[in-house]
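According to TrEMBL, the features are:
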DISULFID  39-116  disulfide bond
SITE      66  site 'Transition state stabilizer'
ACT_SITE  70  active site, proton acceptor
BINDING   71, 74, 76, 78, 80, 90  Ca(2+) 1 binding site
DISULFID  72-77  disulfide bond
DISULFID  122-323  disulfide bond
BINDING   163  substrate binding site
BINDING   194  heme b binding site
BINDING   195, 246, 249, 254  Ca(2+) 2 binding site
DISULFID  201-233  disulfide bond
């Protein structure tokens with residue numbers, strides 16, 4: 001009798017442990033529709049905020065896309081770039097110069113806190129806002145797995161290895177590989193993302209006036225395009241002047257940025273470098289000759305892949321009450 005009771009107890013204990021493991025695993029995974037029960041209107045609220053922001057200023061689409069990229073490349077997609085009450089925060093890093101869009105995220109967070117306090121993470125808002133921003137300028141709308149939690153640490157020193165505009169193609173490939181991203185992801189997320197948005201002349205100085213000894217320009221620049229770039233960003237001119245990354249359709253998500261790269265009309269050096277390497281050059285060419293649907297689908301997949309980098313789930317991190325500071 002005692003032996004039978006012991007066996008039953010062991011079976012029950014095993015079932016309990018199994019259920020706990022299943023629960024932990026389920027809580028520790030991102031999934032589409034994570035807020036379907038806890039805050040069912042979360043995604044539609046974020047989309048409304050983003051739609052208004054992009055309608056007010058089309059440039060906000062690229063701003064939100066860039067914010068997502070810079071968040072994910074430092075400690076993963078945990079909203080740490082949003083923390084703004086720390087003098088040593090990652091936002092102060094050189095690689096994050098000019099990153100903005102925080103007011104849009106804060107607006108969405110405020111609305112969500114009124115409706116579902118303490119439920120929706122800032123990290124998820126950033127990921128969803130980037131998706132919505134892309135879709136509002138002719139880009140793909142795709143499902144975003146959610147359930148991220150917010151990081152508690154934001155340090156400038158942790159952002160020292162962000163991809164840089166003047167990195168060589170080998171360095172760029174290495175930085176993406178460190179995050180589990182492929183050469184195709186590099187083309188899509190670095191070059192492809194630049195189909196929308198602008199850059200400052202600050203980031204053009206080396207490429208235009210100090211690329212080679214003696215002050216020469218990057219030889220990859222199309223000779224017919226070089227005077228236009230120099231006209232917009234003259235030597236010793238205002239480095240805060242902004243110029244479009246895609247000269248022809250800066251507010252429309254399309255594949256023209258890759259044609260620009262192939263033809264020597266890339267604006268920033270890191271985009272031009274994608275044509276320096278045989279593998280990335282083949283990827284660029286493949287999208288130019290394929291359908292827009294193929295480019296859009298692969299871009300969406302790359303965005304989801306990037307959005308999974310270092311995601312905090314389960315009991316990790318926290319759900320911030322305000323995105324600009326830890327609780």
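Cβ coordinates are placed from backbone N, Cα and C, and glycine is handled just like the others.
Separating the Cα atoms of residue 246 (Ca(2+) 2 binding site) and residue 66 (site 'Transition state stabilizer') is a whole-number distance of 15 Å. Note: the Cα of residue 39 (disulfide bond) and the Cα of residue 122 (disulfide bond) are spaced 14 Å from each other. Residue with the densest Cβ environment among the recorded positions 66, 70, 194: 194, by other Cβ atoms within 10 Å. Ranked by Cα separation from residue 249 (Ca(2+) 2 binding site), the recorded positions 77, 194, 201, 233 are led by 194. Straight-line distance linking the Cα atoms of residue 78 (Ca(2+) 1 binding site) and residue 72 (disulfide bond), rounded to a whole number, equals 7 Å. Nearest in space to residue 90 (Ca(2+) 1 binding site), taking C-alpha to C-alpha distance over the recorded positions 70, 122, 254, is 70. Within its own chain, residue 122 (disulfide bond) has 79, 82, 105, 109, 150, 320, 323 as residues 6 or more apart in sequence whose C-beta sits under 8 angstroms from its own. The recorded positions close to residue 70 (active site, proton acceptor), defined as a CA atom within 10 A of its CA, are 77 out of 77, 116, 194, 201, 233. Listed in sequence order, 245, 246, 249, 252, 253, 254, 255, 256, 257 are the same-chain residues six or more apart from residue 195 (Ca(2+) 2 binding site) with CB atoms under 8 A from its CB. Taking the Cβ of residue 246 (Ca(2+) 2 binding site) as centre and 10 Å as the limit, one finds 26 other Cβ atoms among all the protein chains shown.
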